[in-house]
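Undergrad: Have a look at this one.
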Amino acid sequence: MLYNLLVSHINSCYIFSIFYNVIVRSGIAILLSFSISFSLIPILIKYFKYWKNLAQPIRNLGHKSHIAKAGTPTMGGIAIIFSIIISTLMLADYKNIYVLTTIFGMLSLAILGLIDDYQKVTKKNTKGINATCKLISQIMVSIICCMIVNYNLNSEIANHLIIPFFKKLTIDLSIFYIPFALFIIIGSSNAVNLTDGLDGLVTVPIIIVSFCLGLMCYLADNAQYININHLQILHVQQASELTVLCSAIIGASLGFLWYNIQPAKIFMGDVGSLSLGGAIGIISVISKNEIRLGIIGGLFVIEALSAIIQIYSIRYLGGKRVFKMAPIHHHFEQIGWSESKIVSRFWLLSIIFSLIGLSSLIL
């Protein structure tokens with residue numbers, strides 16, 4: 001809104017022209033979303049501590065160190081999502097269909113996560129919403145987002161899929177693209193949700209992935225100014241406005257991380273993890289970086305696969321467990337790794353995956 005207002009008055013004040021620059025607005029978005037998130041979270045902590053029945057329930061089967069976390073407030077994702085939306089609407093072009101679609105998807109999944117969190121804390125169990133109802137809701141939101149994106153993308157690339165590390169190789173999935181895009185968005189949402197199990201664990205990877213996606217959105221939109229022949233990327237007009245949104249995610253997550261580093265004063269909750277995971281999934285679909293998301297977000301993939309493998313192993317191999325506990329970060333807890341050691345190692349893995357993903361732009 002602020003961006004649109006200032007641009008409309010560019011003739012009366014030349015200095016407003018700097019707001020044409022996506023990089024300038026992205027930098028401001030980081031600072032603004034950080035400030036809002038950093039300021040709002042202490043208020044949430046105070047409020048949720050006052051209402052003690054809104055504390056995070058702890059699984060009885062979890063590591064014994066988690067018992068000390070009983071009573072820690074949850075639903076900190078409220079502050080993150082609020083900060084992102086306010087910053088994005090102020091500094092991005094709010095008429096941009098890709099921005100609006102991502103905000104719609106993120107907000108819808110945040111509401112779903114909020115309902116899930118509320119059921120968990122009020123009923124004092126870790127199950128929340130029925131899994132089938134949650135999945136159906138995610139599918140409905142994802143279908144709407146995919147249809148909007150597919151309709152607005154250039155028809156020459158709408159159903160195309162980039163294969164990283166294979167120069168100029170794209171595959172036209174045709175009618176199978178929408179189901180594939182649904183898998184990316186829903187999978188991303190749930191994978192991030194599964195990763196959110198230790199203090200600070202999911203926040204830094206979200207920041208790293210958002211940075212990579214923001215960069216790729218900028219490159220995708222500015223292909224005419226870059227020697228696109230040397231980059232494995234498709235030209236997506238108006239995608240650079242999503243760089244502002246990605247920057248807002250970075251800033252809001254940094255503000256949250258201040259209070260979420262061990263020992264955490266507040267947890268993100270499903271309201272944050274489901275929506276942020278969904279947002280990066282939607283952005284990857286818009287910018288045509290679906291497979292590349294699986295690389296830069298490799299940590300999320302590993303966490304999700306470990307949970308899937310464990311479930312199928314128990315169900316079809318006579319109760320045999322591949323891991324001591326899933327997702328995999330809990331496995332490392334069970335074999336004696338400290339929480340800080342697991343988190344720091346997983347952060348390093350996330351950095352490595354992001355570097356591999358970015359290298360696929362030029363290799």
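Cβ from N, Cα, C; glycine included.
It should be emphasised that the depicted structure is a prediction, and the values quoted were computed from it without experimental measurement.
The transmembrane segment annotation in Swiss-Prot covers 4-24, 28-48, 72-92, 96-116, 129-149, 169-189, 200-220, 241-261, 266-286, 294-314, 342-362.
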Undergrad: So, does the transmembrane segment (266-286) come close enough to the transmembrane segment (96-116) to give 3+ Cβ pairs below 8 Å, pairs being at least 6 apart in sequence?
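TA: Yes, the transmembrane segment (96-116) and the transmembrane segment (266-286) are in contact.
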Undergrad: May I ask whether the transmembrane segment (200-220) has at least three C-beta pairs under 8 Å with the transmembrane segment (28-48), counting pairs 6 or more apart in sequence?
TA: no
Undergrad: Can you tell me which of 72-92, 129-149, 169-189, 342-362 gets the most C-beta pairs within less than 8 Å of the transmembrane segment (241-261)?
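TA: Selected stretch: 72-92, with the most Cβ pairs under 8 Å.
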Undergrad: When you look at the transmembrane segment (342-362) alongside the transmembrane segment (72-92), do they share 3+ Cβ pairs under 8 Å, ignoring any pair fewer than 6 residues apart in sequence?
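TA: By the criterion, they do not touch.
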Undergrad: Is it true that the transmembrane segment (266-286) and the transmembrane segment (200-220) have 3 or more Cβ pairs under 8 Å, skipping pairs fewer than 6 apart in sequence?
TA: yes
Undergrad: Let me check one thing: do the transmembrane segment (169-189) and the transmembrane segment (200-220) come into contact, meaning three or more Cβ pairs under 8 Å with sequence separation of at least 6?
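TA: The answer is no, given that the two segments have fewer than 3 Cβ pairs within the 8 Å cut-off.
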Undergrad: For the transmembrane segment (342-362), could you work out the same-chain residues 6 or more beyond its ends whose Cβ comes under 8 Å from its Cβ atoms?
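TA: Non-local partners: 164-165, 198-201, 204-205, 208-209, 211-212, 215-216, 219, 230-233, 262, 292-293, 295-299, 302, 329, 332-333.
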